[in-house]
Each structure stands twice: as structure tokens, then as C-alpha cells.
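Copied from TrEMBL, the annotated features are:
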- 24-44: transmembrane segment (TRANSMEM)
- 36-309: domain 'G-protein coupled receptors family 1 profile' (DOMAIN)
- 56-78: transmembrane segment (TRANSMEM)
- 98-117: transmembrane segment (TRANSMEM)
- 137-162: transmembrane segment (TRANSMEM)
- 189-212: transmembrane segment (TRANSMEM)
- 246-270: transmembrane segment (TRANSMEM)
- 290-316: transmembrane segment (TRANSMEM)
Amino acid sequence: MTTTTTVSPAVSSLNKDKNNLGRYFALLCFIFGGVGLILNVIILTRRSLRSNPCSIYFLASTFANLFIVFVSIPVRFLTAGFNIDPTIMSLANCRLQYYTFWLSRALSSWYITLASIDRYLCSSISIRIRQWSNKEIAYRMIAITTITVSMAYFHVLIYFTIDVTKDRYGNITSLSCNGQKGDYRTFAAFFHLTCYTIIPPLLMFIFGLLALNNIRRHGMLVFPSVQGRTIAKCINRKNRKTDRQLLLMLILQVVCIFLSTTPLSVQQLYSTFTANFAKDAFKMAQDSFFLAVVGNISFIAHCSSFYLFTLAGSIFRRELKKLLLIRRCLKKRHQKQELVTVETTITRPTKF
């Protein structure tokens, strides 16, 4: 009797903290993530960046993140803040929402992985390898990746179901959208864990190191003179500077993705391995709370790209300043036109 009295308030407190955390974190991600991602689209489509294949991959990732911020996060906000879970309203809604939710997060990470591979290709000493870094291949790889990942997650549309939990008297205590119980639920957890939080960050890390190694090798090379000019001078320095800035932006985002998704990987592995263990109410509440914490942290990877790009890339900051200056100039011009209109109205002679 003493144990029940002690545990119940603790369980209630953990559940309350979990809901509050989910509510406020979702709201912050929606506001700051939404503003940042919209600015991402505007800046990455400007003339100085839109022709670069790495920018194309960044833009594709931004569109996937926009879906997460404006669709997935509001659903999370409703669930955590008001106990309104749209995924349990119907079986079709359950499957479609989890499919698009998992798919958008995976695609966002895979597009950044493609950007890492592109930076490796672009920084290679071999001309033949560098030729693989171009816009046409970027568009093709985005299309192939989108189709492949969409097909890989297709099982969610078939095997996810609304899970009904009952107490010992047969009363329904909770409803949740989840994979079918048994082997499939374990498979689905490992599948998403592998495709979202393990393989993409690992590939980003590997190709990021290879790209940095290529740049180091570039710095050690001494180019011979050709007709009074060095080969290095024949290379478009502006493009090379842009490539380096994009690589720096990419590295910072890769680090952010790795740091924000790794805790989720660890917690999901723990949850999968201990799923069949006997747990009391307090232990289950603890696991649920920690899963909510690392789940919220993982959203940082999808909401922070604009702020990371602004911090790391001078070319990105320059384009942002140009955008703000253009807006300021347009505002001044509009004010000047209004002033001229007012002066004309005042000085115009009155006809009797």
C-alpha cells in the first residue's frame, strides 16, 4: 500500500513533465524552425547558390524539414499538450501519418548524406571524379533516393495498426498507433533506427572526413606553371570559395544531426531490447519520459539548419544581408512614393 501511494504521484509527475516538455518544445520548433526553413528556401534559391549541387541537396532537405515542422510537429503538439492524437482517429490516418512522418525524417537525413558525398566528389583531385558533382546528377540522385526510401518504408502502410491497451477488467485504458505486435514491431523499430539514425550519420561522417582529406591534399599540391600562369589561377576561385563555405556549413549540420539523433538511437535500442522485461508503472513512466526527451532533441536536426548555415557560412550570411537590404530598399522606396503622393496632393491647386 505504501509503495502504491509513493509511486503514483511520481508517475503522475513524470507524465506531466513529459507533456509539458513536448508542448513547449514543439511550439519552439514550430516558430523558429518554420521561420528559418522559409528563409532557407529563399536564400538557397538565389542566383549565387542555386546552381551548386550541394545547395540543391540542402534545398531538398529543407523541403522535407518543412513537412516535419508544419505537419508532424503540430500533431506532436496536439498529442502532448491536449491529448488529441490524430493518428488514432482511423486506421488509414494512423498508417498514413506514421508513413509520412518516418519518411520525411529519413529523407531529410539522406539528402544531407548525398550532400556529404557531393562534397567529397567536388573536392577530389581527379577531374573525372569531380565531374560527378553537377546539377543534373544531383536532381537524379534526389529522385532515386526519394523513390527508394519511399518504397523501403511502404511496409508501414500495411502493418501499422491502432493498438488497444486494456486493464484486467477488460476496460480500454489507451489507444496508440504502432506496428503490429510481435516480430514486426521489433523489425520496424530496428529498420527506422538503421535508416534514420545509424546509416545516414555514419555515411555523413565518413564522406565528411574524406572531403576534408581531399582539401588537405589540395593544400599540399604545388601546381606547375603553364604559359606564365599557374594551373591554380585557371580554377575559378570564387566557385572554390563557395564550395569550401558549403562544406563548412555541411560539417556543422552533420555534427548537429549526429549529436541530436544519437541519444534517440541509444534509447530506441534500449526500449527494443527491454520490451519483454517486466516493468512497474514508475519504470515504464521513466522510459516514456526519457524517450520523449531524446525524441524532442532529435527534432533539433530538422529545425536548426538555417541558424547553422548562418553561423558557419559567410556566403550564406552575405546572401541573407542582401535579402534584408533589398527589403529595406523596397520599404524606403515605398515610403518615398507615399511621401511624394502626399506632397502632390497638398500642393495641387484647388479648383473652384
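Even glycines carry a Cβ here, placed using N, Cα and C.
The transmembrane segment (189-212) and the transmembrane segment (98-117) are in contact, since at least 3 Cβ pairs between them lie under 8 Å (pairs 6 or more apart in sequence). Remote same-chain residues near the transmembrane segment (98-117) are listed as 54, 57-58, 60-61, 64-65, 67-68, 71-72, 75, 87, 138, 141-142, 145-146, 149-150, 153-154, 156-157, 160, 177, 192, 195-196, 200-201, 203-204, 207-208, 211, 250, 253-254, 257, 261, 301-302 (criterion: CB distance under 8 Å, separation of at least six residues from the stretch ends).
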